[in-house]
Amino acid sequence: MAGLLPVCLLLMVLVSGCAQQPGDQTSDFQRLIDKMKIALHTGLDVLTNLKDENRDAAELPDLSEGNVSEQCRRDIFKFWQDLRRGKTYALLMLDYFGKPPSGIMAGNYNWLGRYSECNKITGEEHNITFNGRYYIATLTSGQMTPGITLKLGLCAPSSCSTDDVIQQLKSSTVLGDFVKQGVVHVTARFVSTQPIKAGTVAAISICGALLTLILLGTMYDVMIDRPKKASINGEKGLEEKDNGSHVVNSAKSATKGWAVRLLLPFSICKNIAKLLSTERAPGGIQCLHGIRVISMVWIIFGHTFYILWVIPPKDNPLALKDVEGSVTAAGFLVTRAVLAVDSFFFMSGLVMTYSLLQHMDKKSINFPMLYVYRYLRLTPVLLFVMMIKVWLVPHIFTGPMFPENYLAGCSVTYWWTNIVYINNFVDVDNMCMQETWYLANDMQFFIIGVPIVYILYRCWYAGLALKVLLLLVNYAAAIVVVEKYNMKLKPWGPAGPSTFTEFYIKPYCRMAPYLIGMFVAWLLYKTNKTSASSKIKTTFRALASFEWCAAAVCVLAIVYRLYGLYSGQVAARSEEILFMAVFRSIWATALGWMVVACQRGYGGVIDSILSWKFWTPLSRLTYCAYLIHVSVTFVAYSTAETTIHITTLNMVYFFLGHLVISYGLAFLVYVTVESPTMDLLKTVVSK
């Protein structure tokens, strides 16, 4: 038992050395191997550097590197003595160390041990002066074993700081040289009461104020407003409904004071009814509800795999490589999930253009107010979710893999870039919520798109020419960026830093689907005009079958080409660059035809499915679900106390959990924040 830990560490470094090519091994590495053979005879040398169990604490030799606290030295010696005597707590602490498991050749380099069990060892229970404390020692590859990072769980006395543990590791025969080279990092992982910061106090206060408004609003709605409406509408309490909210005559409604107008939007009953209503505005594009929900589900499915790729706790990470080029349904959905983001860009351009064109038919638009409304529509929910993530989540969740620098991206210097929607240009390596790159792009597209729609309305050929010009600029920018940074087509797995920061999140490389959505909206708008629709409708009817086939060919072309590149086919560099520049547009074009066909009555069963009223409530939750789902997935993985084994069934199980929890939390945020915000905005705008 006493020699178990050095054996673990020996195997750890021996295995990491197996990952090298034989010719890459250095004399330094071989010297470390020789030292580790010696370490087999030192018992718990990595923890104590002590070999004589009869020494008392006063005779402990100085560590070669020094600087270990006296109390830590005494407690380690006590632990060592009790281990020799077979005391239960000491055996448990040793048992809770991480040890080499099976599956090392499949990439199992996370030897976590037992996090909760180690931290549950108390001095009071075992009549000792210290508690158990869990540490993670991270051994990076350095120059000897490129591409490998090993994590080892350590269970040590609570009197030892991370510096004490590092000093002990420095004096060990096994890891001393690694520590001196700066490739071992130790962090403490234990449940403790973190200091309450001002931001946390503010977040709790805001949540308390919000809860108060919800309670008051609900009480007023149920106890005063609804009975009053029932009496006004007759003894039977006749009520009409408009989008799930109760309507009374305007004269009576107008008498409500500002306090009532402030409280009623927070009524939980009113907001739940509004959410669950399947009533839709007349003249809307109904199939978008289904596309929106399916796209969101697709994104959550893709992130279920992708986030696990970049978070350590898995015991067979090489299994993720099998997903690339997979012809299974799961493989297709994962590797092509990036297209779901382009679906949202397409829908955003479509809805913005279609609604503005219809609105301009009725009355003029206050463009400054339009931008203000858009900003206030998105930002309160974003701020609320960001507040919860930054100031409350670290106090609620912990685990062996929960990152020490969880809030690194939410710096005081640049957090504001998220709420002014420029975080895809400023400090892109440290986004507070990385998923908000999409919101930044969408807001930037909206700012550019509104004047384009106005030009399109006033002079349609000038508007179309401008959109074509922007589309060509998008393609040119994408080609230049891809070539400049020598990017490869890899929408699955963690892309290189330049791929994400210089291509994936930049509006000049991602605007094409948005522009195509704007064009489809203009086409639908023009076909609504009775004076111009007959010939166009006749053309649509004649070409419907052909265009469905063309849309299918577009989708298959993307799928086949991606599969071909992943399965070993070698593409010319020019083909790869061109494909990376235009394949998102091809996808958006196929979506565009599907929307046109569904809206004009040529969608058949596809239109019936996508326009199903079941999608409507879920569609309303899309924005909240998008903001929440990454944090849900991240917390689920990073708080895991054991490694995750990757199989298709396990990943589907995780996906369903992430999906349900994300939409469940989205429901709460919608009825408490998003819906009240929208109602308050409508009240202000109507004034």
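Using the three backbone atoms N, Cα and C, a Cβ is placed for every residue, glycine included.
Quick look at what TrEMBL lists:
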- 69-193: domain 'Nose resistant-to-fluoxetine protein N-terminal' (DOMAIN)
- 1-19: signal peptide (SIGNAL)
- 198-220: transmembrane segment (TRANSMEM)
- 290-311: transmembrane segment (TRANSMEM)
- 331-357: transmembrane segment (TRANSMEM)
- 378-397: transmembrane segment (TRANSMEM)
- 437-457: transmembrane segment (TRANSMEM)
- 464-485: transmembrane segment (TRANSMEM)
- 505-525: transmembrane segment (TRANSMEM)
- 546-565: transmembrane segment (TRANSMEM)
- 577-597: transmembrane segment (TRANSMEM)
- 618-640: transmembrane segment (TRANSMEM)
- 652-673: transmembrane segment (TRANSMEM)
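Secondary structure by DSSP for the domain 'Nose resistant-to-fluoxetine protein N-terminal' (69-193): 49 helix, 23 strand, 53 coil. Between the transmembrane segment (290-311) and the stretches 198-220, 437-457, 464-485, 577-597, it is 577-597 that has the most C-beta pairs under 8 angstroms.
Summarised as a single figure, the pLDDT of the domain 'Nose resistant-to-fluoxetine protein N-terminal' (69-193) averages 82.
Below 8 A, the CB atoms of the transmembrane segment (437-457) and the transmembrane segment (577-597) form no more than two pairs separated by six or more positions in the chain, fewer than 3 in all.
Remark: the transmembrane segment (331-357) contacts the transmembrane segment (505-525), by the rule of 3 or more CB pairs under 8 A.
The stretches the transmembrane segment (577-597) and the transmembrane segment (618-640) do not meet in space: the count of Cβ pairs below 8 angstroms, excluding pairs fewer than 6 apart in sequence, stays at fewer than three.
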